[in-house]
Every structure is written in C-alpha cells, then in structure tokens.
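> Pasting a structure here, questions to come.
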C-alpha cells in the first residue's frame, strides 16, 4: 500500500482550497498535532467535538479535516478539568492531528457554497460577495518537436490553459534554440562543449496563481531536457472572481413555501425559519453557508428573491422585508454538506496520485439544537 504522509495530504488539499483564500483573521491550518507522520485515514468533519474525537480514535484516523476551527480565539490556558481542555488533551494523547479549513473552504470553487448551490439545483451560478480575483500568469516553454504533444498534454492535465469554458488553450510558434552543454551535464540532445542548434516549438499558455507550481512541476517532469528553458511572468489580465456565497437561478420558479420545503429536503433538516410571504414567487436564489447576516445587501444588489443562510438575527429580517428580500434560514449546521463533499474531493486527489490513504466522512451529528 502507498500511504501519504500528512504533508502530502494537506499539500494536495491546499492546491484545491489554499489558505490564502481565507478572510483576514481567520484560523486555518494545523491547530493541533503534526503533519510529519503517515496518514492511513482522514476523517472529514464540520465541528470537532469530543464525539468526533472519539469517532476518529475508533476509526483509526490520524487526521481530522474540519471546517470549523477547534481553536479560534487565543488561548490563555488549557485546563484538562474543563470539557474544552479534555478534547484537546484527548486529541494530543491519541496523536490526532486537527486541521481546519474555514473561510477558504467557503470561498474555493467546489467548496461549501458551491456544494449548497448544487444541492438546491441552481444554474448560472455566480459569486455573491467577491473577496479576491485570481492572479494570472503566462507560462512559456521551449520544447523540441519530438516532445511537443507530450508537454502540451502534461500542461493541460495539470490545469493550464483554461480560458472561460475552453481548456488546453496554448499558442505554438516555431523557432531555433541554441545551447552548449557544459561539463557535468547529461544532454538529451548534443554533446558537451558543442554549440547545438535545435528546432523547437515555443508553447505559451495561461495559469492561475494557485495552479502555477503544480503546472510548472508537471511541465518539468514531462520535458525531455534536464534543464528546460521556460519563462513565467504575471499578467495584467484578471482571472476568475472568488468569494463568499453564491447566487443563481432555479430551473423554474416556485412559491417561497415550496422553496423552503425544497431547502429542508436538500439539506436534510427538520425545520427552517422563513421570512416573507409564503406565496411570493422565487426564481433567483442566493446562498451563503454559516452566518449570512452581513450579506443581505449583497443579495439585494444582485437581485436575489431569497437568500438561504443561517444564524439570522431577529432585527435583520425586518430590514430585509422592507427591501423586498425573502429569507430561508435552515441553520448553520447545513454546512455539514462539506463532510461528504470534501471526502469525495480529497479521495480523488489522493487516488490520482495513487495513494491508498482512506477518507471517511464523519457520521457524528454536531448540531447543538434539537427541534420539538
């Protein structure tokens, strides 16, 4: 079996959901333990409670990948005679590593908010509250004609060359490369001390900030030269906008009451708080996992008929109603959708690299509320 170590697991995860996406002041990354160990099993969880710790121990998971940080505010002490202290003590005693992916997982493509939008069947989905725009880079590499297809394929597989809904986009131009292999080299073409003239193809493509290291590594691995010549430089073009929340359209309009029932079914919750006339027709829907109180204005500006979010304060709906915005609040816990979503994504990332590390979604229910 090929088992990934903790560093590898998190490197793969952060290529998809980099910590750099997180909002300022957020707590992300390793909060307890170390990544310097083999990881046979990863447990994905929304919250880290004592029951989740017990589940990880029972399953033999060495790493808990959670959405909500177990440590959010600075600690002045860790008292093992308190419930919170016992959780930390138990994690350390059983050599568990706890990693949090909070707002970066909300923001990243395919993360919490995309999972929520997909669960509701939305189409024409956009970002609700932009936080950043991806930086773009131009990668230029010079390849002998014998290996151009191989290098182009490696670039595309690594994610380079995406422009809108087009992939594998490159520009190719012919030219002549020159080089003289010096002492200690093992040239693919030519011999030491002799100036070589080689017909080469210049392949140009576009990569994002988050992709560039992976793409360059794939290019170097596929290139026949021991020292490939390439350029990587930033572009003034702006890449894709990333941010919190999503907004899109239902495939067909329905009443607010019908939509609220759909929300309950999609997120498997027993109840939802609804703000607005139940007969109102709903077509354009905003979603924001977690606490969406600060994002009502974003939903209004983008023309949403309703926003689906959690933890709505008492006075916020009064303003929303005056502005004509309906609200469905199924609770904060609907972010539990990330457990299965992250499991499937991380599982694929590991399998693509031929690792046998297992990923398990937590079965522990961590919603503190009971509905009667």
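Using N, Cα and C of the backbone, Cβ positions are placed for all residues, glycine too.
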> Going by the divalent metal cation 1 site in Swiss-Prot, where 67, 106 are listed, which of the candidates 279, 335, 344 is also part of it?
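Swiss-Prot lists 67, 106 binding divalent metal cation 1, and from 279, 335, 344 it also lists 335.
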> What residues, ordered by sequence, lie under 8 A Cβ-to-Cβ from residue 335 (divalent metal cation 1 binding site) and sit at least six positions away in the same chain?
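46, 67, 112, 116, 289, 290, 310 - these are the non-local Cβ neighbours of residue 335 (divalent metal cation 1 binding site), listed in sequence order.
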> Given a separation of at least six residues and a C-beta threshold under 8 Å, show me what packs close to residue 106 (divalent metal cation 1 binding site) in the same chain.
112, 113, 244, 289, 290
> Please identify which of 67, 332 has the densest Cβ environment, defined as other Cβ atoms within 10 Å, among these binding-site residues.
67
> Return the residues near residue 68 (divalent metal cation 2 binding site), defined as same-chain residues 6+ apart in sequence whose C-beta is under 8 angstroms from its C-beta, sorted by sequence, else 'none'.
46, 47, 48, 100, 102
